[in-house]
Amino acid sequence: MKGTSSIDPASLQMLKVARDGGLETAWDRYLAQQPQCGFGELGLCCRNCNMGPCRIDPFGDGPQKGVCGATGDIIVARNLLRMIAAGAAAHSDHGRDIIETLRGVAAGEIKDYTIKDENKLKALAREFGISTEGETVQAIAEKLAEAALEEFGTRKGYLQAIDRVPSKRKEIWEKLGIMPRGIDREVVEAMHRTHFGVDNDPANLILHGLRCSLSDGWGGSLLATEFSDVLFGTPRPVRGRSNLGVLSKEAVNILVHGHEPILSEMLVAAAKDPGLISAARAKGASGINLAGMCCTGNEILMRHGVPVAGNFLQQELAVITGALEAVVVDVQCIMPALGQLAACYHTKFISTSPKAKFPGAIHIPFNEHNALETAREIIRQAIENYPNRDKNRVFIPEETTAYVAGFSVEAILSALGGTLTPLIEAVKNKKIRGIAALVGCNNPKVTQDYNHVNMAKALIARDVLVVETGCAAIASAKAGLLLPEAAELAGAGLAEVCRALGLPPVLHMGSCVDISRILTVAAALARELGVDIADLPVAGAAPEWMSEKAVSIGAYVVASGIFTVLGTVPPVLGSNVVADLLTRQAKDLVGGYFAVETDPFKAAELIIAHIDAKRAALGI
Ligand code: CUV
Ligand code: SF4
C-alpha cells in the first residue's frame, strides 16, 4: 500500500494532530530523505578506510572498484556482515546485562530483584552441567551466571545451547565451519574481517555473517530470554490492552520504551507503590498509568499484562497525545527525535542507560544496584510533572484492543498438555498446515502494520499457525489477532485446534530476543520427529523490518534452516553474487534461504508454497 502512512486508526488520528500542530514525525523525515541514496540502497558505498569513501556505479558507466580495488560484491558483503555484527552485538549485550544482574542477585549485591523461576534456573543449570543436588538456589544461580558469562568468550568449542539443536543441523554447521564459538568473538571477528585488507571473498564474508548471527540467536538472544525468565518469571498467558488508547486522560502517564526488562520490571513494581499513587492523587491525577512501547513493552506485557501503547512508529505519536508525563528509555529503537518533540510538550524524556544518551533528555542513571529507588525517582519526577500537562492540548485516540500474550515455550507446552505431540498430530493431519514466525519492526517505507496484519491474516486463513514477537506482535495485538476469538478468521482446521485449546491463531511469544523461544520450539519439533529444522513445514518473515538486529535475526533463522521472507529490501542488490548467495545458494548450504517480497499477500503465498513443499517431502 503506497502513499498511506498507517492502517492503524490511532496512528492516523495522531498523524493528523501532528500535521495540524506542525510537528514532524519519522514519516515526514522519510519523505524529506527522498530520493534516498541509490548507492546506499544497493549496498555499494564503502567507508571502511580513509582512502575512501568509495562507491560503485551500479550501471557500469562509472568506477567498478574502490581505491583499494574492492568490487561491488566485496563491498556489499562487507557491509552486510557489519550490519549482522551490530545487530548481534545489540542483542548479546542486552543478554549480558541480564546475566550480570542475576549474578549480582545471587551474590547478594543486588537486592531489588529476586529469582522468580527456580525451576527454570535449575533446568538451565543442568543444561550447563552444573549440579543442583543439595545446592542452594543462590549457589546454583551464581555458578550458572558465571557459566553463562563465560559463553561470551568461551574457548570450549561452541556455545552451550547448540546442544538443543538436532545433530543433523550441528553437522551442517561444522562442515561449513560456521559453528558459533564465543558470543563476543564472532562480533569481534566480523569487525576484524571487514577491516581494510582482510576478508575480501564475498562467500567467506557471508558465511562468517551466518556464524556471527548464530552466536546471537543461539547465544546472546537465547541467554537474554532464559535469564529474563529466571529473574522476572517465565511468561504465562495474560490479557491486556493495546494501542494509544491505553493512555489515560486522568492518570499520570509514563511510557517505558526500549528493551531490557531490568528497567521496565522495576518501573512496574514502583508504579504500584501506594505512597507514589497517593502522591499522584495529591497532584490531582487519578493514579499512575504505566504503558509500554516496542520490545520493553513486550517484556512487561508478557509478564504482567501491562498495557502496550504501540509499536516502533508510534513512539513519537505517543508524545503527540500531549498526555505523557514521561517517556523513560533504556537502549535500542529509540528515536533521537524524541527529545525535540518532547520539548514541544510538558513531557520529560528520561534516558537511563550509560550506553544511550539523547539530545533533549534528562539522564537519570539506572543500574541494578539502585534499581527500585531510581525507578521511584523517575516516577516521582513524572508525578511532579503532571500539573504541567496542558489539558487543552491532550488528544488521546479512543482505540484500544484486547490481547492475550505470554506464550513462552513452557506456556505452549502446558496449553498442549505437557508435550508437543498434540501439535505434531495437528500438523500431521493437516489441521495445522505449518507454522510461520512473523517478527520485526515497523518501517516508514511500509504503511504501518499493513504487511504485518495482512500477512498474519492471510496465513491463518490458510491454517498456518502464526507465532510472533517484537513490533509484529504488537501490530497483531492492535488488530485483534491475539485473541482466541480471532480463531474465526482462521481456516477450519486451525480454528478447530484453537477452539479446542483456547488459543489465539497468532501467538505472542515476546520481544525480539525471544525469537530464541521460536528457535527452541523448532529444534524440539525437529528432534521429536527425528529430522532437521530445515525439514519442518516452518517459515519466517520480517514484513516491515528496519533494524540491524533484524538483519542478524534473519541470518540466524536462515542459518538454522528456515526459509525467511523479507518485506523491505535489504541493501544487497548491488551484488548479484551476494543476492544469489542469500536467495539461492544458501538453500544448498544451510537449508534456509531468503526471499524478498514487499507485497504481504504474495509473501504469504511464498510461505504457504514452502510449507506445502516441506509437507510433501515429509510425506504428510
Ligand atoms: Ni527489539 S528491533 S523496532 S523493538 S521489532 Fe520493534 Fe523489537 Fe524492531 Fe526494535
Ligand atoms: Fe574505498 Fe577500499 Fe577504503 Fe572501502 S576499503 S573506502 S572501497 S579504498
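For all residues, glycine too, the Cβ spot is worked out from N, Cα and C.
When Cys37, Cys68 are compared with the [4Fe-4S] cluster 2 site residues Cys46, Cys49, Cys54 in TrEMBL, the one appearing in that site is Cys68. According to TrEMBL, the residue from His259, His346, His363, His369 that belongs to the [Ni-4Fe-4S] cluster site alongside Cys295, Cys333, Cys441, Cys471, Cys512 is His259.
Taking a C-beta cut-off of under 8 angstroms and a sequence separation of 6 or more, His259 ([Ni-4Fe-4S] cluster binding site) has the following same-chain neighbours: His94, Cys294, Cys295, Thr296, Glu299, Asp330, Val331, Gln332, Cys333, Ser511, Cys512, Val513. Within 8 Å of the centroid of the Cβ atoms of His259, Cys295, Cys333, Cys441, Cys471, Cys512, where the record puts [Ni-4Fe-4S] cluster, the same chain has further Cβ atoms from Cys294, Asn298, Phe312, Gln332, Gly470, Ser511, Ser547, Lys549.
In the three-state DSSP scheme, Cys49 ([4Fe-4S] cluster 2 binding site) is classed as coil. A Cβ distance below 6 Å to any atom of ligand 1 is met, among the binding-site residues Cys37, Cys46, Cys49, Cys512, by Cys512. In sequence order, Arg47, Asn48, Met51, Gly52, Pro53, Gly66, Val67, Ala70, Ile75, Phe196 are the residues of the same chain, not among Cys46, Cys49, Cys54, Cys68, whose CB sits within 8 A of the CB centroid for the [4Fe-4S] cluster 2 site. Among the binding-site residues Cys54, Cys68, Cys441, Cys471, the ones whose Cα sits within 10 Å of the Cα of Cys45 ([4Fe-4S] cluster 1 binding site) are Cys54. Between the listed binding-site residues, namely Cys37, Cys46, Cys49, Cys54, Cys471, the fewest other CB atoms within 10 angstroms of a CB are found at Cys37. Taking a Cβ cut-off of under 6 Å from any atom of ligand 2, none of the binding-site residues Cys37, Cys45, His259, Cys333, Cys441, Cys471 qualifies. Among the binding-site residues listed (Cys49, Cys54, Cys68, Cys441, Cys471), Cys54 has its Cα nearest to the Cα of Cys37 ([4Fe-4S] cluster 1 binding site).
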